[in-house]
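Student: Sharing a structure below in structure tokens format, with a few things to ask.
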């Protein structure tokens, strides 16, 4: 078999050290961002030289009062930060109640498997050995669920705080040049990316070591209890994504329809009453929601890999270094992303608008290439040259180079999905330009073209996912799929940095418009924002691709844990599950879309009312009532996030208890297959419509100028397409990947209960 090169002690040191390096790096980036002051420095010499260029401000050319601009920026930033903080606190109060209730449910259900007995029991997979009682699993699963939930909430909250800290600073730096603004926005994204990746890894590592004190040699029970960590992470992410998504899109649709289409005022105009709610929404939906979502994916893929490994030779022979292979991959990922980030912030400087998107794409390529080397190194030093992996009851012999290929296939599939997403959503390529062109004949053709683009954009990502599943399963069974998902998420710090960069740039543009900065600054922030739209779509592509792999790995672990020998589609029990499972993403999307629609309806009515009843609002003499719009968004999202959340959380419980594990296996497979397709097409359709609108507004090419300017009929048609796409790309699409993962991880956590007490209806008849 051959032992691992890396000793157990070295493993115990490497993982926490890499986590601490990640946290330290994020704090350094934050300090660099905080150097941009939100107070006007009157004594600073106007022509300080840096890199041989004069950092003079556009305002100084145009003679605008610098002090007034900075003060206004600080005020708006404060309003956005307060709005986002108060919304998240309200959301977390509701979610906190759910969290405690669900924790009690986990304890009661899992404890009742053996009637709350405290005696040691025969192990599930090896009856000759004795394992800790089910009551212990119940207690520790509950603890790890709460740990995952709290880490997820903290990840989202910190991300939001950093984004609202950086938005006005990005606006102020845009006066010096597009490169300076890019660095502030990107560094702030990196703060979030590294904090989240390092915290997720550190908490999981500490939890494993603490649980080990009780479990000792019973690794099967230990890692089964750890799966609660993934469940906690994803259940919080679901509410964060749905709640934040409804908030941001209600405000966005309301602001766009009345402001741009009816009143013909620019985006983010301070006269628009919904403008603050719109900017708050970017932070609670795209940043806090995305942070929790990717943390959930990361936690679940780690848990899926650990569960399968614990019943393979790593776990049976107690090879601790090989057992923690998933955590070692993530540790190296943090170091790789750290080097990659320096390429964007320190090694190369952006001097022109056209360099932004290539710089972000380079981040993906550099991190993937470096990570391939990192994975080879980790696999060589931490995994024996040959070992066995649990494969539905049998043990499959695997070589370490095969495991290396499993991780790499996931990593590179992620890059392919990222680039395909970019091709379909960036306005530099023909698909989005065709959508923009279709606006000549009105909104209807724009909607038709956009939908077609979304459906078409599913093809290559699905092939990429299919190939990676086939290769990784052939080499290392379900463990291969779990580590392929980890490979896709190994560069999570860079992925999150380029993802969080988008909403920060969007906010920066909004602040520039509200403060009344010159159109040249707005052009710079618009360019940053357009690139941010594409990177957000790439981030969603990664999240969906990894969700597909993660949920398949969890599905495999569930099938093993529930002792199902085969999932036979021809048996009616399984087939009814399959067809109902495939319907669930549609039901879920219907709920979230309707929620955005009804909240947007209230918002449109309120914005119209203010324009019609506040004298002097259109002329700019009176201030709108921003607070009412913020309240509409908050109330709607808190109320509306409960039903979709309940649908996802209760489905596995109801199916498992009443119909049993085989039907539940069908439901999980059905939801996975249909959810991935809808999620990819919804995200890309929405992203394409948004960038088609930006393409017309920017007027950067001859073709775009024939469709513009702002306020023309094609532009209005593009705005309507964009508003239709908003809930698709920012509410339904990104929430669906959580639906797929969450149902799978929940089924895995409750598998012992379903296997013992499930299928009540079939037992009666």
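The backbone N, Cα and C atoms fix where each Cβ goes, glycine too.
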Student: Which one of 364-381, 382-399, 508-525, 598-615 shows up in TrEMBL as transmembrane segment?
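Tutor: Feature transmembrane segment in TrEMBL: residues 364-381.
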Student: Tell me which range among 401-425, 701-725, 726-750 TrEMBL lists as transmembrane segment.
Tutor: 401-425
Student: Counting only pairs at least 6 apart in sequence, do the transmembrane segment (13-33) and the transmembrane segment (401-425) share 3+ Cβ pairs under 8 Å?
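Tutor: Output no: the transmembrane segment (13-33) is apart from the transmembrane segment (401-425).
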Student: Do any residues of this chain, six or more beyond the ends of the transmembrane segment (133-160), have a C-beta under 8 angstroms from a C-beta of it, and if so which?
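Tutor: Counting only partners 6 or more residues beyond its ends, the transmembrane segment (133-160) has Cβ contacts under 8 Å with 84-85, 88, 92, 95, 99, 102-104, 106-111, 113-114, 116-121, 192, 195-196, 199-200, 203, 207, 211, 214-215, 221-222, 224-237, 240, 283-284, 287-292, 295-296, 299, 500, 749, 752.
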Student: Could you tell me whether the transmembrane segment (542-564) and the transmembrane segment (570-588) are in contact, taking contact to mean 3+ Cβ pairs under 8 Å with a sequence separation of 6 or more?
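Tutor: Since fewer than 3 Cβ pairs under 8 Å link them, the transmembrane segment (570-588) and the transmembrane segment (542-564) do not come into contact.
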Student: What stretch of 181-208, 364-381, 647-680 shows the most Cβ pairs under 8 Å to the transmembrane segment (446-471)?
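Tutor: Stretch with maximum Cβ contacts: 647-680.
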Student: For the transmembrane segment (477-498), could you work out the same-chain residues 6 or more beyond its ends whose Cβ comes under 8 Å from its Cβ atoms?
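Tutor: Tertiary neighbours of the transmembrane segment (477-498) are 22, 186, 189-190, 192-194, 196-198, 290-291, 294, 297-298, 301-302, 304-305, 308-309, 312, 325-326, 329-330, 332-334, 336-338, 340-341, 360, 363-364, 367-368, 371, 374-375, 389-392, 396, 398, 402-403, 406-411, 413-414, 468-469, 471, 535, 538-539, 542, 545-546, 549-550, 552-553, 556-557, 560.
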Student: May I ask for the residues of the chain that lie six or more residues beyond the transmembrane segment (364-381) and have a Cβ under 8 Å from a Cβ within it?
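Tutor: 4-6, 325, 328-329, 332-333, 335-337, 339-340, 343, 400-401, 403-404, 407-408, 411-412, 414-415, 418-419, 487, 490-491, 494-495, 498, 538.
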Student: Counting CB pairs under 8 Å, which listed stretch among 94-113, 401-425, 542-564 touches the transmembrane segment (647-680) the most?
Tutor: 542-564
Student: If we skip the immediate neighbours and take only residues 6+ beyond the ends of the transmembrane segment (181-208), which ones have a Cβ under 8 Å from one of its Cβ atoms?
Tutor: 15-16, 18-23, 25-27, 29-30, 32-33, 36, 144, 147, 151, 154-155, 158-159, 162-163, 165-166, 169-171, 173-174, 222, 226, 229, 233, 287, 291, 294-295, 298-299, 302, 306, 324, 327, 330-331, 333-334, 337-338, 341, 344-345, 350, 356, 359, 492-501, 504-505, 508, 524-525, 528, 532
Student: Could you pull out which residues elsewhere in the chain have a CB under 8 Å from any CB of the transmembrane segment (542-564), counting only those six or more residues past its ends?
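Tutor: Distant contacts of the transmembrane segment (542-564): 124, 224, 227, 230, 290, 293-294, 297, 300-301, 303-305, 307-308, 311, 390, 392-393, 410, 413-414, 417-418, 461, 464-465, 468-469, 477-479, 481-482, 484-485, 488-489, 495, 661-662, 664-665, 668-669, 672, 676, 679-680, 683, 733-734, 736-738, 740-741, 743-745, 747-748, 751-752, 754-755.
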Student: Apart from its near flanks, which chain residues at least 6 from the ends of the transmembrane segment (401-425) lie with a Cβ under 8 angstroms of it?
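Tutor: The answer is 325, 329, 361, 364-365, 368, 371-372, 375-376, 379-380, 383, 431-432, 453-454, 456-457, 460-461, 464-465, 467-468, 471-472, 475-476, 479-481, 483-491, 533-534, 537-538, 540-542, 544-546, 549, 683-684, 687-688, 691.
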